[in-house]
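Accompanying notes for the structure given below.
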Amino acid sequence: MSATTVFSDTPVIETEELSYTPEVAKRTAGIFKRVAPAISAEEWPDFAPYVDEIVRLKKERNAVILAHNYQTRDIYHCVSDIVGDSLALAQKAVDVEADVIVMAGVHFMAETTKLMNPTKTVLIPDPEAGCSLADSITGEDVRNLRKKYPGVPIVTYVNTSVEVKAESDICCTSGNAVKIVESLGVDRVLLIPDRFLAANVAAETNVEILTWAGECEVHERFTAQQVTQLRKEHPDVTVLAHPECPPEVVEAADYSGSTAGMINFVTDRKPKEVALITECSMGDNIASQNPDTTFIRSCNLCPHMQRINLMNICDSLKTMTHEVTINPEHEDRARLAVQRMLDAS
Ligand code: 13P
Ligand code: SF4
């Protein structure tokens, strides 16, 4: 968990068992009809009682649910109000008018939401939903980098704590990293903390990129050999890789982009067969909307994203936990770094 974030100190709530009654079936029939391409009739009795309760609680609390593209199908299709990549979630968080925002994602996303819409109550269903990249660097590390490279602008990936953002000049996401780096109009930048994202950006720009030794524990496991094997077994496959993958994986792919970039590629270009070299749940989420594309499963799960589920979203709304607060010492500077990114996007 980020050193600068204070989550409310409420005891863990025992999840109440909800059952699939005829009333629940009746109340959720419309939702099931809408999500039926993505959720089977066999699965629905397990999901429906929580979906029903979450829908009720969202009304009662005047709440909306923001969900990252890596959330599971039940969350992505049945209860979320806004879905997207990190950039879209940050952009859309600004305009949310509801009183309460539940972040179905990891804690840096909840922090960014709170930064950009500070008057709202922002909840994260499991405060332990972290990120290996955010854990790889501290505010002090960034202050030391600034001393070591005076005058070199510091671009920080949004997958970082508020304190790290506060020490940076500007943030970026996987969807705008090249654009942000080039917007600074300098020959050399520090792009931290993901060394693979930095290497992939360096391959697309003439700006010299210095970086940090952080890695995403999900994407660093993919190898170029896996892509070669995939192409041997599926000669027609189109390979899309997230820029957090090692550069040799991105080189071996047909396209690299943020999670939203990959979704748009599939929706617009309609490849016959596609392999998404990224977190597993995303392919499951978009398969039903792209029935003419065969999805070749070659992916890893993010243990942090997987901590969020229908039950803890339900508990979160019921008990108004876990509330995200930002250390005032870092708040304004961190917000400025994110706002600069949004302005430059
Ligand atoms: P996107 O911004 O591409 O959605 O990526 C976020 C992330 O955590 C990828 O691992
Ligand atoms: Fe962090 Fe990687 Fe999980 Fe994304 S997939 S939240 S970068 S650990």
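Quick reminder: no glycine exception, Cβ is built from N, Cα and C everywhere.
Curation does not apply to TrEMBL; its annotations are automatic.
Just so it is clear, the model here is predicted, and its values are computed rather than measured.
The feature iminosuccinate binding site is assigned by TrEMBL to HIS68, SER86, TYR157, VAL158, ASN159, SER174, HIS242, PRO243, GLU244, THR259. Sequence-distant neighbours of HIS242 (iminosuccinate binding site): residues of the same chain at least 6 apart with a C-beta under 8 Å from its C-beta are SER174, HIS219, SER256, GLY257, SER258, THR259, MET262, ILE277, THR278.
Cβ neighbours within 10 Å of CYS131 ([4Fe-4S] cluster binding site), excluding its own Cβ and spanning all shown chains: 25. Residues or ranges marked as [4Fe-4S] cluster binding site by TrEMBL: CYS131, CYS216, CYS302.
Note: the Cα of CYS216 ([4Fe-4S] cluster binding site) and the Cα of GLU244 (iminosuccinate binding site) are spaced 7 Å from each other. Taking the Cβ of GLU244 (iminosuccinate binding site) as centre and 10 Å as the limit, one finds 29 other Cβ atoms among all the protein chains shown.
Only CYS131, in sequence order, out of the binding-site residues HIS68, CYS131, HIS242 have a CB under 6 Å from ligand 2.
DSSP assigns TYR157 (iminosuccinate binding site) to a strand.
The shortest Cα-Cα distance from CYS131 ([4Fe-4S] cluster binding site) to any of the binding-site residues (HIS68, TYR157, ASN159, GLU244) is found for ASN159. Across the structure, GLU244 (iminosuccinate binding site) and CYS302 ([4Fe-4S] cluster binding site) place their CA atoms 13 angstrom apart.
The binding-site residues examined here are CYS216, CYS302; by Cβ neighbour count within 10 Å, the least packed of them is CYS302.
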